[in-house]
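Annotated features, as they stand in TrEMBL:
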type     : residues : note
DOMAIN   : 9-301    : domain 'Acyltransferase 3'
TRANSMEM : 37-55    : transmembrane segment
TRANSMEM : 67-87    : transmembrane segment
TRANSMEM : 107-130  : transmembrane segment
TRANSMEM : 165-182  : transmembrane segment
TRANSMEM : 194-213  : transmembrane segment
TRANSMEM : 233-252  : transmembrane segment
TRANSMEM : 264-282  : transmembrane segment
TRANSMEM : 294-318  : transmembrane segment
Amino acid sequence: MQTKKTRIRWIDNARGICVFSVLLAHCKLEHTYLQMIYTPFFLALFFFLSGYLFNCHKDIKTDILKLARNLIIPYFLLCFLLAFIGLDNWKALLNGNYDIISNRILRIVYGYDLWFVSCIIMVQLYFILLHHIYMKNLKSKIATAIILLPSVYLIRNTVSYTCPYYCDIALFALAYFIVGNITKEFTDGKAIQISRKTGISLLILYICVDFALQLNTNMEFHFAYNYYNAPLLFIILSLIGIIAICAISCLYPCSFFERQGKNSLAFFAFNGKALAITMLLFRHFEFLNGSQWIYPILLCTVQSFILLGISSLINKYAPFLVGKKKI
């Protein structure tokens, strides 16, 4: 069994904010202004935090085995579990429509399901390979991150075609991953000491710049599809957002977000199922649908508690599904 790791509270807090943003992004409710706040930073911050936590070992074999245990095996287990409990797949099987089943299996094998998980697999694989080839010191990491950030101009606008395991998107995401790893080296793995006044000012600055740019320019961001109307502005906003959310996460710990951050993999996998249950519960509260602030937040809060229940069951009875225990 793996040894228990010491949790870093501000990391869990920041990751939980990102998880809640994922739920908002998938809730299918109109919330334009909320969306404008979280869209520039929440996925970039996930990669940043993953890089902050990532450590390479002396030999590449250990790193690859760790990647397989923590992400690759859980990816396949979760994907096939979701396929198994999907009613549409059972209907297709019973009706003899095997094309749907085979297509779903191919999607899993090619890394198209659970896109963020398959993408972070590629990001970590890239990082491991680069680390063992040349990227062992701070200068090489900084140079690589600077080179990779402009890759967004080379791989954007490819909605019609998706590479296996999102290996193209992973190149751009790797830049944020490396920035997170660099930040850990600069801070020696310790939370940055910052005053509440400075933290709140950073958040206000981010929101003001964010609204000023998005309301006055034609900006649209889709990290999962490499689609950015204004790539440079996205990079600027995402970096400001990362700094602001990390500062707020250090200053204001929240157990609700921390619990989500500790179970992010389960949230990614089962958020669709939990959303379906939540929508059934909320069908009698459509009068709230007029509020772009209250209704989405309330719905995603209830969805979060459902997912926390699912996460508790997984952690207790099948932790290997989320890479928390060796098989």
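Cβ coordinates come from backbone N, Cα and C, glycine included.
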Same-chain residues near the transmembrane segment (233-252), Cβ under 8 Å, at least 6 residues beyond its ends: 10-11, 13-14, 17, 40-41, 44-45, 48, 149, 152, 176, 179, 191-192, 194, 196, 198-200, 202-203, 205-206, 209-210, 213, 217, 219, 221
Paired segments the transmembrane segment (107-130) and the transmembrane segment (194-213) in contact, 3+ CB pairs under 8 A: no
Mean predicted confidence [pLDDT] for the domain 'Acyltransferase 3' (9-301): 88
